[in-house]
């Protein structure tokens, strides 16, 4: 990813990269638009992905082996919102990179780590869903808790391994057109194509195969072609699959323009002059925006995530302002107490249970 981006950076629109601090003339409305998109991305990214991580650890129904990849994906998205994106936003406001060389290097590295980690985790989610629905008898053995943790570690090991070669090619440089630091070295067309295939096309192909097989099985079950498979696909399993499928589609849509531009330039360098700068910049920020979408998708399409989001957010609302909050049971209750004492378990239970806020009434 970082390699073929660097190839674009040196060729698209005939502009050249420079050292941190180089300025680039942009229309005021363009700067305002890019800043608005990035601010929205950062805010939704941080809040949304923190909600995802906390929800999985709080909600027993969400503490499943397969959701380890969801947490891992949320961490990958969170990384860029905490460090690289704020630096890019600063560069937008100052019309140039002012953070210095070291931050430029780290920022570009973390961006590459995030995007490659994201696509590899999405691939892991697809394989997990495929095994769960299409090979349910083998699923518990393949995705035990210990095995799943090993898979997550493997995903990040492969992610780091995919980035390491970039350090041996060239250093990072600041691209004033996108206010970002990327790996800015000239690479051969063959090498660029290889990177695009390994980091994007191959994972997309694997995910497409997994979800296509799941769709085929779902259609067969619905048409009763395989009546004995009816018990394999429960309504909530189908909803979870659809949620992850939407996450994949959004990632592919947001990252496809940048990948297609990179692939086109690698195949025919003459196309670099035909690609307008606005398209390159738009594709870049479109890819940035993807990091905040997953948490929104979970909240919209997954009932358990949506319910847990509400419970977590209610913890930050003063009790007197809580008109409706989700209870521990299904449905909603008006003005529920933030905590109660369970006489059977002798534990503090509730939305915001803590030792400081709940005590034994006996």
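Glycine residues also receive a Cβ, built from the backbone N, Cα and C atoms like all the rest.
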TrEMBL annotation of transmembrane segment - which of the ranges 69-94, 303-328 it falls on: 69-94
What range among 221-239, 240-258 does TrEMBL describe as transmembrane segment? 240-258
Among the recorded stretches 106-127, 148-169, 189-219, 240-258, 278-301, which has the greatest number of Cβ pairs closer than 8 Å to the transmembrane segment (29-57)? 278-301
Closest-packing stretch to the transmembrane segment (69-94), where packing means Cβ pairs under 8 Å, from 148-169, 189-219, 240-258, 278-301: 278-301
